[in-house]
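> Per TrEMBL, the features are:
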| type | residues | note |
| --- | --- | --- |
| ACT_SITE | Glu232 | active site, proton donor |
| ACT_SITE | Asp365 | active site |
| ACT_SITE | Glu472 | active site, proton donor |
| ACT_SITE | Glu500 | active site |
| BINDING | Thr589 | Ca(2+) binding site |
| DISULFID | Cys429-Cys458 | disulfide bond |
| TRANSMEM | 43-63 | transmembrane segment |
Amino acid sequence: MLPPSRRDFVSLALAESRGYTNGKQRRQSCWRKWKQLSRLQRSIVLFLLALMLIGGFALYPSLSPQWGGTHFFLCPVLARQRRGLRKRGPPALQNRLQGRGNSSEVRLKNAFQTCKVFIVLGCLLTLQMSKTFINCCLLVCIAFLFLEESRLEAVREAFRHAWKGYKEFAWGHDELKPVSKSYTEWFGLGLTLIDALDTMWILGLKKEFEEAREWVAKELTFNKNVDVNLFESTIRILGGLLSTYHLTGDALFLEKAKDFGSRLMPAFSTPSKIPYSDVNIDKGTAHPPRWTSDSTMAEVTSIQLEFRELSRLTGDPKYREVVMEVMRRVHRLEGKHDGLVPMFINTNSGQFTHVGVYTLGARADSYYEYLLKQWIQGGKKETELLEDYVQAVEGIQKNLLKRSSPLGLMFVGELSHGHFSPKMDHLVCFLPGTLALGVHHGLPAEHMELARQLMETCHQMYVQMETGLSPEIAHFNTQADSIQDVDVKPADRHNLLRPETVESLFYLYRFTKDRKYQTWGWEILQSFNKYTRVDTGGYTSINNVRDPTSPSPRDKMESFFLGETLKYFYLLFSDDSNIINLDKYVFNTEAHPLPIWPQTD
């Protein structure tokens, strides 16, 4: 044993006594303040500085043009993203030399390795100095906070890049053609700009929002001799204006919504009260498509949230009355199969057509979504809507669910006159999120288990593709000797930058807090950046998700990429549940949040 004079605690006491001033005032230097911090505090500060250094290195876009904000600071929990299950080459639309891409990959790997080293050293340092597990946990929490902000900034950067292309080459027009640096018109109403208004507000992009608001105030007019699709213009334009009004309180957007909503009303002047698909917003005339007198079920039953809210804000019941008459008629119609509805309804007779074909994909998908969301919007009072939704979920479970091989993925197929088809549109990936939302609002817990299983399936629709991006349509293998679960026909290999999977990831993460959903979303965002990002601004849909060396750009950025996809990415990566509180808001099918009505309404 050491002599008492050499004991460590005696030396420590002497060191502290020399710092004692007996009440005398003295100048506090920065070094002395630093020394007054506890060991834990000093460790945390040093660890944060190290994280900031590495984060700044990875975030700074000029270090590698190929990154362009694509590969942001990633901590070890994301190492699985580099697992090398498949080798993905650079997209043709980037037109970069192979050597340059390799150099970028090396720098990215170095950033990953350095990041890992600093986090491990930080944890070891804390354990050595404090000897407590709690302090290491604190550092992990700090790392997660930094990770969250990095991902949120990644989404903001992606939006700015998309907005840059739209502003330079398509300002005031409907949609950007990023490769040819031009635009395309659908309605001629600035569709992308209006669709993106509330996204900019939620992301905190004040400068971009003010630019867009000025255009709405000075340039947006509906005095145009143009036919618009009732469904698409309602969910994008009317929904976008109403949502932006609620988020900002700016009456400009409400006035524009009133003007536009009133111009859509002629669509409901049909013998059956089932609306026509198209309406001329200047002449006040409406008509079905040239080739049929049918409307699709999704078109006529997915406009209710917006028209109901317009009635609530204006005090004029006519908007709500016309859309609820549609729901009442559909509720009573024969031709359903265990709550599942056919894809078409005739505007003259008011009857279902093409009876016997049932799908949750295109032309029917949002009917099921809006059953639940109208019930939520109205304060859970409209029992017919709830009954139809619950019965439909039971019909899905009974008729449309099967498992694939070899992984046993649960998927939603289609039914045609008694014949089951293992075809699943990417659009169907709205369903996990809708099921989870229903459970959050008191529906059976078993719906959440189904939501989790379907979420895994939608994730695999991305993972099993060479680009990491889902095809528009997948066919699932059910034979026992299958090698891969997902098969894609050549005509179905395109990706349109759709939001449905990211939307459901957002709901599943918001309600479960399982971080794997954030990780899956981050992988998808990286794939969008790698294969669809155009250097001069914007993102493009692609033709072939199975060819990473030549995905073949389609030269179109859909308005919903800004209106929905990037918005849901941002909400997915945020841990703040008060950003669009789901007890106060319900999203329309274009991701525009509308308020849940107070009980007094």
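Don't overthink the numbers, they just go from 1 along the chain as shown.
Cβ atoms here come from the backbone N, Cα and C positions, even for glycine.
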> Give the number of CB atoms, excluding that of Cys458 (disulfide bond) itself, located within 10 Å of its CB.
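So the Cβ neighbour count for Cys458 (disulfide bond) comes to 28.
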> Give me the long-range Cβ neighbours of Glu472 (active site, proton donor): same chain, 6+ apart, Cβ under 8 Å, in sequence order.
Asp425, His426, Asp492, Arg493, His494, Asn495, Leu496, Arg498
> So of all those recorded positions, Glu232, Glu500, Thr589, which one's Cα sits nearest to Cys458 (disulfide bond)?
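That would be Glu500, the closest of Glu232, Glu500, Thr589 to Cys458 (disulfide bond).
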> Near Asp365 (active site), how many other Cβ atoms are within 10 Å of its Cβ?
25
> For the active-site residues Glu232, Glu500, work out the Cβ neighbour count at 10 Å and name the residue with the minimum.
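Sparsest of the active-site residues Glu232, Glu500 by Cβ contacts within 10 Å: Glu232.
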> For the recorded positions Cys429, Thr589, which Cβ has the most other Cβ atoms within 10 Å, all shown protein chains included?
Cys429
> How far is it from Cys429 (disulfide bond) to Asp365 (active site), counting Cα to Cα, in Å?
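Distance between the two Cα atoms comes out at 10 Å.
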> If you measure from the Cα of Glu232 (active site, proton donor), which of the recorded positions Asp365, Glu500, Thr589 is the nearest?
Thr589
> Whole-number answer please: how many Å between the C-alpha atoms of Asp365 (active site) and Glu500 (active site)?
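About 11 Å separates the two Cα atoms.
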